[in-house]
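*Asks:* Pulled these features from TrEMBL for this protein:
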{"type": "ACT_SITE", "residues": "His254", "note": "active site, proton acceptor"}
{"type": "BINDING", "residues": "Tyr24, Tyr129, Arg164, His254, Arg257", "note": "glyoxylate binding site"}
{"type": "BINDING", "residues": "77-79, Ser106, Gln127, Thr155, Lys230, Ser252, 285-289, 308-309", "note": "FMN binding site"}
{"type": "DOMAIN", "residues": "1-359", "note": "domain 'FMN hydroxy acid dehydrogenase'"}
Amino acid sequence: MEVTNVTEYEAIAKQKLPKMVYDYYASGAEDQWTLQENRNAFSRILFRPRILIDVSKIDMTTTVLGFKISMPIMIAPTAMQKMAHPEGEYATARAASAAGTIMTLSSWATSSVEEVASTGPGIRFFQLYVYKDRNVVAQLVRRAEKAGFKAIALTVDTPRLGRREADIKNRFTLPPFLTLKNFEGLDLGKMNEASDSGLASYVAGQIDRTLSWKDVKWLQTITSLPILVKGVLTAEDARLSIQAGAAGIIVSNHGARQLDYVPATIMALEEVVKAAQGRVPVFLDGGVRRGTDVFKALALGASGIFIGRPVVFSLAAEGEAGVRKALNMLRDEFELTMALSGCRSLKEITRDHISADWDLPRVSPRL
């Protein structure tokens, strides 16, 4: 049966992958309320399409931190992709490059920054956690820079790992034939079997709970790469991110894997965009599964979106070809949504093209 949308890859991945691996990718924190809400919230935003506009030519290109990409759909960092497919991050990197978009590599990848760089040209960002040993952080950043990565996505919503009960039940552990490649030679390599959320045993002793705004400033003293602050959900933290020198903000709830009962990212987006006041670009990840979702995020002020789970599920299903197809399907759906909404370029997508259920009722002009 032909796959016709990215959501269908999840069921295929579930069939193909060991339960422990599928659950690690698929699950969220605790009650998984936010996990459902990341999807459901999109359905509370409706379109106000404009008609009789010449949409014979549609331009989806955009620039992110000065880099030109083919569409505002990018790849979010997801850990340990070789659990999904033997080619792991290599396949994802090639698919992103073929699609003309950006890949963000996870710190906890099963392929190193150098290995990903070796797949060929492409615009790549590096996701970073800050560890107690700042020397480790500095080494990771230097390696990413040397490998040609163009930005750092600093994850700020994880002073501690969220409680993912599926991982606890499954006693999640990285399969023995895989390692976290970016830590080879840093005395941090393999994970041990854990009694709690699996990764926690590896990370608990390493991720720095003291992480604060001063560390965002410190990071700028060790690298000239632009820093995206990933994990912002409020206007207050948007303003602080900009004060701390962030080059951009990613509205993210970590795929609903950290604090449960935070809002869906699409619900938090507008607050963050308004606080940013156009000073830095604002991006979104979490729950994007359709081209219509991409359009809704842009209409609410996002400069682009990142997809996570659709990448690992399509990777598990069909390897590099699956990730290519997932990106193409989202691209085609987004292009169609633009055409049917009467938008020929990204700058034509406005707040007036949608109505959200929190909007005040529109007063119709008297006829």
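Positions of Cβ are set from backbone N, Cα and C atoms, glycine also.
Just so you know, TrEMBL annotations never went through curation; they're auto-generated.
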*Asks:* What is the number of other Cβ atoms found within 10 Å of the Cβ of Tyr24 (glyoxylate binding site)?
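*Replies:* Excluding its own Cβ, Tyr24 (glyoxylate binding site) sees 26 Cβ atoms within 10 Å.
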*Asks:* Sorry to bug you, but what's the C-alpha spacing from Lys230 (FMN binding site) to Tyr24 (glyoxylate binding site), rounded to the closest Å?
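*Replies:* Here the two Cα atoms are 21 Å apart.
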*Asks:* Given Arg164 (glyoxylate binding site) and the residue listed as 'active site, proton acceptor', what distance in Å do their CA atoms have, once rounded to a whole number?
*Replies:* 12
*Asks:* Among the recorded positions listed here (Tyr129, His254, Arg257), which has the Cα closest to the Cα of Asp285 (FMN binding site)?
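*Replies:* Result for Asp285 (FMN binding site): the nearest of the recorded positions is His254.
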*Asks:* Using the alpha carbons only, what distance in Å do you get between Gly287 (FMN binding site) and His254 (active site, proton acceptor) once rounded?
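*Replies:* Counting only the Cα atoms, the answer is 11 Å.
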*Asks:* Report, as a single number, how many Cβ atoms besides its own are within 10 Å of the Cβ of Tyr129 (glyoxylate binding site).
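*Replies:* Around Tyr129 (glyoxylate binding site), other Cβ atoms within 10 Å: 20.
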*Asks:* Over the domain 'FMN hydroxy acid dehydrogenase' (1-359), what does the predicted model average in pLDDT?
*Replies:* 93
*Asks:* Could you round the CA separation between Lys230 (FMN binding site) and the residue listed as 'active site, proton acceptor' to a whole angstrom and send it over?
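*Replies:* Their Cα atoms are separated by 8 Å.
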*Asks:* Between the Cα atoms of Ala79 (FMN binding site) and Arg257 (glyoxylate binding site), what distance do you get, rounded to the nearest Å?
*Replies:* 13
*Asks:* Roughly how many angstrom lie between the C-alpha atoms of Pro77 (FMN binding site) and Tyr129 (glyoxylate binding site)?
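*Replies:* Per the Cα atoms, Pro77 (FMN binding site) and Tyr129 (glyoxylate binding site) stand 12 Å apart.
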*Asks:* Between the Cα atoms of Arg309 (FMN binding site) and Arg257 (glyoxylate binding site), find the distance and write it as a whole number of Å.
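*Replies:* Roughly 12 Å, rounded to the nearest whole number.
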*Asks:* Using a Cβ cut-off under 8 Å and a sequence separation of 6 or more, which residues in the same chain sit near Arg289 (FMN binding site)?
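*Replies:* Arg289 (FMN binding site) has long-range Cβ partners Asn5, Val6, Thr7, Arg39, Pro310.
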*Asks:* Cα-Cα separation of Gln127 (FMN binding site) and the residue listed as 'active site, proton acceptor', in Å?
*Replies:* 12
*Asks:* Including all protein chains shown, what's the count of other C-beta atoms within 10 A of the C-beta of the residue listed as 'active site, proton acceptor'?
*Replies:* 24
*Asks:* Check each residue in the chain of Arg257 (glyoxylate binding site) that is at least six apart in sequence and keep those whose C-beta is under 8 Å from its C-beta; list them in sequence order.
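*Replies:* Counting only residues 6 or more apart in sequence, the Cβ neighbours of Arg257 (glyoxylate binding site) under 8 Å are Ser27, Gly28, Ala29, Gly162, Arg164.
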